[in-house]
Amino acid sequence: MGSMFRGEEVVLVQFFLPTSAAYSCVSQLGELGLAEFRDLNASVSAFQRRFVGDVRRCEELEKTFMFLQEEVRRAGLVLPPPEGRLLAPPPRDLLRIQEETDRLARELRDVRGNQQSLRAQLHQLQLHSAVLGQGHHLPLAAAPMDGLLERSPLLQPPGGPHQDLRVNLLLQAQNLPCSWGFLLFWPSLGLRPPPGEQGRCACLTFLSMVARPGSFVAGAVKPTKAAALERLLWRACRGFLIASFRETEQQLEDPVTGEPATWMTFLISYWGEQIGQKIRKITDCFHCHVFPFVEQEEGRLGTLQQLQQQSLELQEVLGETERFLSQVLGRVQQLLPPWQVQIRKMKAVYLVLNQCSMSATHKCLIAEGWCASSDLPTLQQVLQDSSSEAGVSAVVHRIPCREMPPTLIRTNRFTAGFQGIVDAYGVGRYQEVNPAPYTIITFPFLFAVMFGDVGHGLLMFLFALAMVLAENRPAVKAAQNEIWQTFFSGRYLLLLMGLFSVYTGFIYNECFSRATTIFPSGWSVAAMATQSGWSDAFLAEHPLLTLDPAVSGVFLGPYPFGIDPVWSLAVNHLTFLNSFKMKMSIILGVTHMTFGVVLGVFNHVHFGQWHRLLLETLPELIFLLGLFGYLVFLVIYKWLCCSATSAASAPSLLIHFINMFLFSHSPTNQSLFPGQEVVQSALVVLALATVPVLLLGTPLFLRWQHRRSLRPTGRQPEEDKSGILDSSDASVAGWGSDEEKVGCLGDREEAEFVLSEVLMHQAIHTIEFCLGCISNTASYLRLWALSLAHAQLSEVLWAMVMRVGLRMGHELGVAAVVLVPIFAAFAGLTVAILLVMEGLSAFLHALRLHWVEFQNKFYLGSGYKLSPFTFAEED
């Protein structure tokens, strides 16, 4: 917890790892997560590194694992989480895992292929059986030839008893006499041919042609393609066919997707070999399943029995195949989870080893990395234990560095959420003051100032408390919903926000916008009624009265805690809260900003920047407190010195503050204390005098320091930490515009001092601070605005929902029935609007106050985190 106030000391270390023990050493470091490795082979291509072959083998295994995992998911199974803590496997186990994985993948591919083949064969048998058993009926061939023309037309009229039977008829007119072709075209027009011997002979001739053996094509097609197939057959074959399309009575399982699907069976009778070839080509284009069709009824029944027998046998073989497949998937479920973790760890180890350089003797690997100085003994002990079997112990030692180390701030469950708020603004520079410990208190408090309500805060507190109590449950941790993960990661932040909101709700005396009478009121309305002479008619017309504390005997004493509940019944309730919350926001804002400037003192002292205490921090405090601190003093002084009886003649603080900058005096606005004008003028002059000090003090001092360092006298290397937080100092020290020396040994390089750049940087800082004091102070008025907005929204919701429901029924039964839906609506709107929307709004405003108004006074946030090599994500 000590590192929360300032990041831990991080040092650059060098590892000498024996070649035979390098893998085990890095593996143990990954289990502990103590060091962040640096890439010593940045100029070497990834394909030319020493362990690139091992990395490729691990990647090939991961591809195989993905195939196995997809097969398990396809079967509707779930991979269990690995049990226990799995270590990275030794390199010799990689071949064993690869062989077993390939064997499982090969078995799974073979079994899955056999299953697909058997399903496809079974589907073909079922489709063939459906085609033969569908009972397609061609009325032209079924009717006796002698009485065909007298019984029915050649084509059934639309809407007839055989509406599903599609009959298409067109004759090849060039092979028949003209009179025959003319007669046979009558049925295609829906008309009966003329009687007589000529028409009868023509029909008999046609029926003899369409009934020739081998003129049938039977099969099945998808229903979506049936209409297009029928239309194309008609146009391509010029009507030289009779086609029947029917849907299957039962749905058949698709062999690929496994879902039930309906098929359309068809039977086509045609004449002429060329027409048959066209029909087969068209059915092939539509991906139809074509089966042999026997004309005799006895032959079709025999074939159907054979197909049913083959289907039963095939189903038995398919069942055995699926049972064997489930056995293989069971082995995959058992072996795959631990293998995935082990191979990921092995790959991570080889990637780290690729960042190491080989020694000149090729007997050890050399690595460099960052680690906390407090972890060095543990690091050395781990390396010794891991390399004991190799006979040569691994060595680690500190080395000098010339760059800024990463920032290491250890967190726990409670502090992680608050540290995340700070890191979202920017990771702190190395050993810079960390705002997170102070944010633990100030962030929930400023949120609660804008969200103060006992009921709303209690709901938020209970919601967060439920997440805290259930944080160790696996189901809660494994939830994949992003919104839930966001709330769960900030559960302790929500807990404090709700708790502080309850506290400020008691101060505001608001619970779902209703005031509570915990203590006796300090107001006596009887005195106002006696002195005002209110009549019954006046009270009937004015349900809310104006509280006047100037009337003697009305104010008996202050309320013990918070706002007196009698104010909720007054007409001037909002006027009173406006004045109170506005002044409270100014006081909190100036205090918060002053605290931020004071925290900058700890940075200057820690890094040895003593000149900044006199040339920056002190002028900043004088400017801030001389102007806005004086405003806070006026607010408190007026509260203490002006009573309710003299409130009408009390001076205006706003006019006093304006006259302070104008060096003027208003005759109608009396002074608060003797000599106020002199004090105000002196404070303004003093504040303006600090601006040149802020603008020129640091650049002139750095220029003098640079000239002094260039004198011919010997210059000793300094080991202080100056220059950590200022790019100007950094440029003087020779670190460049974005680099600082942070406690690292070694001589500084000579650097050119550019006064114009330093002056420009300091001018930006001075303008930003001076103007920021004004804008930031005004920005804290959002505390007042959002607090009033939240209170008024609560009041409106109560008045428009609950109050209406309470007035709808006076009898007990009616009120109970009516209040159930009304309370449900009130609860839903409270959660959706006041808790979620208003809570999010107050959260964002509190976030802005910390990032812009507070942290920019002392916190740069331009560092980078220490990212140690760890297996935590793989586990």
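Just so it is clear, glycine is given a Cβ too, placed from its N, Cα and C backbone atoms.
Per TrEMBL, region 'Disordered' is recorded for 712-735.
Sequence-distant contacts of the transmembrane segment (445-470), counting only residues of its own chain at least 6 positions beyond either end whose CB sits under 8 Å from a CB of the stretch, comprise 476, 487-488, 491-492, 494-495, 497-508, 510-513, 516, 584-585, 588, 592, 782-783, 786-787, 790-791, 794, 830-831, 834-835, 838-839, 842-843, 845-846, 849-850. Sequence annotations record features per position, and here TrEMBL assigns transmembrane segment to 445-470 (among others).
Under the heading transmembrane segment, TrEMBL lists 491-508 (among others).
Beyond the transmembrane segment (559-577), the same-chain residues lying 6 or more positions past its ends with a Cβ under 8 Å from any Cβ of the stretch are 506-509, 514-519, 521-523, 525, 544-547, 788, 791. The transmembrane segment annotation in TrEMBL covers 559-577 (among others).
For 584-602 (among others), the entry in TrEMBL reads transmembrane segment.
TrEMBL lists 622-640 (among others) with the feature transmembrane segment.
Look at TrEMBL and you will find 647-666 (among others) tagged as transmembrane segment. Same-chain residues lying 6 or more positions outside the transmembrane segment (647-666) and placing a CB less than 8 Å from one of its CB atoms are 549-550, 630-631, 634-635, 638, 672, 676-677, 680-681, 683-684.
For the transmembrane segment (678-702), the residues of the chain that approach it from at least six positions outside its boundaries are 611-612, 614-616, 619-620, 622-623, 626-627, 630, 656, 659-661, 663, 726, 728-729, 732, 753, 755, 758-759, 762-763, 765-766, 769-770, judged by C-beta separation under 8 angstroms. What TrEMBL records for 678-702 (among others) is transmembrane segment.
Residues annotated as transmembrane segment in TrEMBL: 812-837 (among others).
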### Query
Other than its close neighbours in sequence, what residues sit by the transmembrane segment (622-640), given a CB gap under 8 Å and a spacing of at least six beyond its ends?
583, 586-587, 590-591, 593-594, 597, 650-651, 653, 656-657, 660, 672-673, 680, 683-684, 686-687, 690-691, 694, 769-770, 773, 777
